[in-house]
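Per TrEMBL, these features apply:
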COMPBIAS  1-16  compositional bias 'Polar residues'
REGION    1-20  region 'Disordered'
TRANSMEM  69-97  transmembrane segment
TRANSMEM  135-157  transmembrane segment
TRANSMEM  183-207  transmembrane segment
TRANSMEM  227-247  transmembrane segment
TRANSMEM  259-282  transmembrane segment
TRANSMEM  294-320  transmembrane segment
REGION    376-402  region 'Disordered'
COMPBIAS  376-390  compositional bias 'Basic and acidic residues'
COMPBIAS  392-402  compositional bias 'Polar residues'
Amino acid sequence: MTTSSQTGRGPSTAEQELSPLERTVVESDSAISNRIQSPVLRAGAIGRAAAASKPARVARHYLSGEGNLLAAGMSFQSVFAVFAAVFVGFSIFGLFLSRNSDVFDSLVDIVNSAVPGLLGDEGAIKTDSLLQQNMISWTGIIALAGLLWTAIGWMYSTRQAIRTVFRLPRDNRPFVRQKVADLLLAAGFGGVMLVSAVVSVVSTQIWEWLLGTTGVGTTSVWATIGSRALAVVISAALNFVVLSTMYRVLAHIPIPKRLLFEGAAVASAGIAILGLFAGIIISGASKNPLLATFAVFAGLLVWFNMVSRVILLGASWIAVSVADRGLADRMLSDEDRRAELARATLVVARERLREAEENEAGTRFWGRRRARRLTETRRDELAAAEREAEANSTGPSASLGT
């Protein structure tokens with residue numbers, strides 16, 4: 001068999017992409033190699049196409065950024081934050097919910113669709129205790145403030161995890177501004193869930209009215225299918241809104257709308273698929289006899305870990321899409337750009353000081369005074385650059401990529 005090297009030509013681009021096994025088969029003249037050459041090359045081409053596909057590149061981007069480790073941290077924070085969020089939310093809206101049992105039941109269903117096994121007689125939190133919280137006391141107010149701080153602490157962890165997936169530095173906004181934004185977002189998420197519960201009640205009533213006018217009973221197969229489909233649509237819409245807000249607003253990343261909605265839709269679909277197997281995931285975690293005393297918490301931890309991975313995979317999907325379109329530079333906010341400039345200025349100032357010190361050390365007596373003044377000037381420049389870098393400190397930075 002004649003190869004490109006035997007004809008005096010260099011290897012072609014296709015040959016350069018061959019694996020060692022494929023190259024061995026191509027360059028061999030044995031009968032066996034000639035027989036298996038076509039299947040081996042076909043399998044290699046399929047493997048390269050699969051590796052170059054977007055899902056594979058998203059997975060590599062996720063793993064190269066320690067996505068599983070970030071998801072573990074998010075899930076640990078989530079276990080504590082979800083109890084705090086439920087306590088705070090039902091305490092704030094308790095007066096309204098106590099007078100609207102349908103909305104209360106719908107809200108419980110929505111929460112359980114997001115966090116299976118959290119609320120209910122056999123869940124981690126009994127539904128009867130949700131409306132019995134008394135916040136009209138100093139003790140209640142202090143407890144409410146502490147729980148609220150725990151809830152928004154999860155938002156900080158999630159923000160940094162998403163920005164890490166995008167290979168962006170830490171959020172450079174002032175601490176108070178970040179916490180106020182997190183508080184408003186937490187209130188917004190709670191409001192969205194409450195509105196979703198109201199919409200669910202209204203849509204269910206409209207659905208039942210339509211069934212009544214058409215003569216189809218509410219217990220028929222079609223009624224059951226329609227009710228479940230309605231619940232899935234509301235849950236998917238809620239996930240889509242929350243994920244879009246997390247990627248764009250919470251993480252403070254200026255993502256183009258098309259790419260944002262694409263990634264949010266992918267993550268929302270992933271969470272919906274997880275929801276189909278929620279019972280298996282949670283029950284599997286609670287079957288371990290060593291975890292029997294806190295099986296519910298172990299199940300929640302596993303669930304949150306899976307959801308956190310999907311959230312970060314959605315972020316990775318957006319990051320890869322951004323890199324494919326050459327928009328990585330646009331992902332930096334004004335604060336991030338100032339921080340990058342401050343870091344670059346600091347590097348230059350250090351190098352200029354080093355050169356000035358070397359120049360001073362090698363200068364003869366009659367030029368030493370001038371060299372010393374230059375060194376002092378470079379030290380002042382370095383001090384100013386360090387102050388500027390500290391004021392705009394955002395941690396390590398890297399560019400987007402796959």
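Glycine is no exception: its Cβ is also placed from the backbone N, Cα and C atoms.
Against the transmembrane segment (69-97), stretch 294-320 has more CB pairs under 8 A than any other of 183-207, 227-247, 259-282, 294-320. The stretch from 183-207, 227-247, 294-320 with the most CB pairs below 8 A to the transmembrane segment (259-282) is 294-320. With DSSP classes pooled into helix, strand and coil, the tally for the compositional bias 'Basic and acidic residues' (376-390) is 15 helix, 0 strand, 0 coil.
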